[in-house]
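As recorded in Swiss-Prot:
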{"type": "SIGNAL", "residues": "1-16", "note": "signal peptide"}
{"type": "DISULFID", "residues": "42-131", "note": "disulfide bond"}
{"type": "DISULFID", "residues": "44-60", "note": "disulfide bond"}
{"type": "DISULFID", "residues": "59-111", "note": "disulfide bond"}
{"type": "DISULFID", "residues": "65-138", "note": "disulfide bond"}
{"type": "DISULFID", "residues": "66-104", "note": "disulfide bond"}
{"type": "DISULFID", "residues": "73-97", "note": "disulfide bond"}
{"type": "DISULFID", "residues": "91-102", "note": "disulfide bond"}
């Protein structure tokens, strides 16, 4: 619970990418991202480790891998430009690095939407001590 509180406080002051990502997830899934995904499974939240527990957790794994490929800017903090067109996210950033961040977030938000049926409340606050199988390579 303390981790959730810290994350909520941190996100209140964030005007960069994490807030944008939160808005994408909320619009795509209807779920409050901080409460629903920040501590979900083995790969969602601050430290992803181990095999994904389900499709939702796999979305986080893939998102983490996507962020690892972004090397010339800061994926968690750099703002980017995007819009909504007919219910779809359109990344409009001209800066290639920021566009890549937007595409990572867009793919994850769509993945959460597409895997909403795999989402299980029991995987919130999933014990990281249960994430013992080796992590897949990106």
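Note: Cβ is positioned from N, Cα and C throughout, glycine not excepted.
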TODO: Can you see whether DSSP assigns residue 91 (disulfide bond) to helix, strand or coil?
DONE: strand
- [ ] Starting from residue 44 (disulfide bond), work out which of the disulfide-bonded residues listed here (59, 97, 102, 138) have their Cα within 10 Å, and give them in sequence order.
- [x] 59
Open item on the list: If you count other CB atoms within 10 A of each CB, which of 42, 65, 73, 91 wins among these disulfide-bonded residues?
Closed with: 42
- [ ] Select the closest residue to residue 111 (disulfide bond) from the following disulfide-bonded residues, measuring between CA atoms: 42, 60, 131.
- [x] 60
- [ ] Give the residue from the disulfide-bonded residues 102, 131 that has the most other Cβ atoms within 10 Å of its Cβ, counting over every protein chain displayed.
- [x] 102
